[in-house]
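Feature annotations, courtesy of TrEMBL:
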type     : residues      : note
BINDING  : Asp233        : Ca(2+) binding site
BINDING  : Asp233        : Zn(2+) binding site
DISULFID : Cys34-Cys44   : disulfide bond
DISULFID : Cys68-Cys79   : disulfide bond
DISULFID : Cys103-Cys148 : disulfide bond
DISULFID : Cys147-Cys161 : disulfide bond
DISULFID : Cys184-Cys230 : disulfide bond
DISULFID : Cys229-Cys237 : disulfide bond
DISULFID : Cys249-Cys263 : disulfide bond
DISULFID : Cys300-Cys345 : disulfide bond
DISULFID : Cys376-Cys422 : disulfide bond
DISULFID : Cys421-Cys432 : disulfide bond
DISULFID : Cys445-Cys461 : disulfide bond
DISULFID : Cys460-Cys471 : disulfide bond
DOMAIN   : 1-170         : domain 'Albumin'
DOMAIN   : 171-363       : domain 'Albumin'
DOMAIN   : 364-564       : domain 'Albumin'
Amino acid sequence: FSSAIVMFARYAHGGTFGKAAKMAEDVTELARRCAATAGDGPDCLRPLERIFLDTLCQQEDLPGFPDCCAKRDPERNDCFLSHQNASRGSIAPLELPNAEAACKNRSQHHPHLPGHFIYEVSRQHPFLYASTILSVARRYEEMLNKCCGSTGAPAPNAEECFRRQAPKVVKPVKEDGLRQEHTCGILKTFGERTLKALKLAQISQKFPRADFVTVTKLVVAVADTHEACCRGDVLDCMRHREEILHYVCTNQGSLSSKIKKCCEKPLLQRSECLINAENDERPANLSPHLGEFLEDEGTCERFAREKDAHLARFLYEYSRRHPEFSPQLLLRLAKGYEELLKERCGAGAPHGCCSGAEEELKKHIYETESVMKTSCDIYKEKGDYYFQNELLLSFTKKMPQLTPAELIKFTKQMTAVGSKCCQLSQDKLLPCAEENLDLVLGEICRRHEKDPINPGVCHCCSSSYSFRRPCMGKLEIDETYVPLALTPGLFPFHRDLCTPEEEQLQHRKQEMLVNLIKYKPRIRQEQLAAVTAAFATMRERCCQEEEEEERQACFAREGPELIKRSEKLLDA
């Protein structure tokens, strides 16, 4: 029933929960009858997709579907999917009701509550895995059981209970939704070959004992799953995922020693557990060197004959040996290896084409380790707020077209990566930092796709997935940007600058920092230090006033003077 609710909520997005629940009940009842009669009867022989779509097309009052229902399969399914995709983003993200409303709702609609929750989340997140939705619904029900009293009124500490328990419900929706949207973005922008290469690196790291044929089989299955999920095909997506889970757990002996507990969990929890499972230990007999790819005289011949298969085997062998590298770095190494072979395996190339290849590839490793070490050193020295200010300075110059709110949001996410990853050991740092940074950069690129930012960002977002992070790092001042004019409203100085709320004050100061850089993109460090010191002096003077009106009068008097002095400083 729950899985059917997900399906009907997405396909019939213009309907109501009541209609979706009725259709889900009809389909579930048919499944019960077919199970009881061992599949005997014409209805039981219909493919599952046809049963769902026939049920939808029997509804007379659902808006917008007559054109789809007039088509034959599989065009009928494609039509429904196109309607579903067109509705994406038109519904607000998940917000949980307060404790009083949720507990009242529970007492009034208890039997239907899980279904109603599944329906709403499915509509709001049309590309979130059904398994995630069903798992989150289970957690939501557990939260209500813990926090609501048996009478239907909230328990005495219900609000506090909700505050503690809500992240367990909301966080997986947000994180899994972002991860799935990110993967779909990679598939859409860079194509199946890039997605398969990324999955090859990730699966080879997780299952280093698995042979190349097994890993390749998993890569194809995972890529096909993402293709179905990104298309919005709920049934195909669920079927593919269940097949992968079954295969992995059936063959865990040859794959990994770290997934036994995951495979013992219920189906809904198994997928999340496997994704978060530790990488298995590398085989003891695995040589650290890749002589057959870097030193063997037959390398050029194999590359000419096998092309992508040869490159895939290189990526597999390199990835299973280096769990301490990020998948993005491994893809850069594979790309570097491919370019090396193209350059040195051509006609007239000298004998021993790959001599010095390892040193050539190490340049990519050095660049990544150097950037991450420098960033973590700065983070450890400055802490969250001042590290974010450094990022704001850099990214406002790179992307001045973004609003202050967007720049603050993206740099806050990057700062959170520093907080999460810079404390980790060296063997965990790169995968953590670059994987999480990649999610932020993916969000920036999706923002660019909706409303283009500038040519530099366009180039980084579309030219190469694996080099997206280094590309963004090399961006400097956007030369196409026309700086903001100095208007009275650009730097509003109000008494809210005297707030004792540190987070609110920091946000206001960061908004002004962004506008300052948008006004003067080529600001030098000493000029910024001078303007910042002058602002701090003015703020301290005005906030010493005891009355609100006197504070505002002080800002009204001192603010324009500060702007004049700053203008002279910045023109020097």
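The backbone N, Cα and C atoms fix where each Cβ goes, glycine too.
Cys461 (disulfide bond) sits 26 Å from Cys422 (disulfide bond), taking the Cα positions as reference. Across the fold, the C-alpha of Cys184 (disulfide bond) and the C-alpha of Cys229 (disulfide bond) stand 8 Å from each other. For the pair formed by Asp233 (Ca(2+) binding site) and Cys300 (disulfide bond), distance between Cα atoms is given as 42 Å, rounded to the nearest Å. In sequence order, Ser375, Cys376, Tyr379, Lys380, Leu429, Ala433 make up the list of same-chain residues 6 or more apart from Cys422 (disulfide bond) whose Cβ falls under 8 Å from its Cβ. Of all the disulfide-bonded residues in the list Cys34, Cys44, Cys300, Cys432, the shortest Cα-Cα distance to Cys460 (disulfide bond) is found for Cys432.
Distance between Cα atoms for Cys249 (disulfide bond) and Cys103 (disulfide bond): 39 Å, as a whole number. Closest to Cys229 (disulfide bond) by Cα-Cα distance, out of the disulfide-bonded residues Cys34, Cys68, Cys147, Cys345, Cys432, is Cys68.
Rounded to a whole value, the Cα-Cα separation of Cys263 (disulfide bond) and Cys161 (disulfide bond) is 31 Å. Spatially close to Cys445 (disulfide bond) yet at least six residues away along the chain are Gly185, Thr189, Val457, Cys460, Cys461, Arg468, judged by Cβ distances under 8 angstroms.
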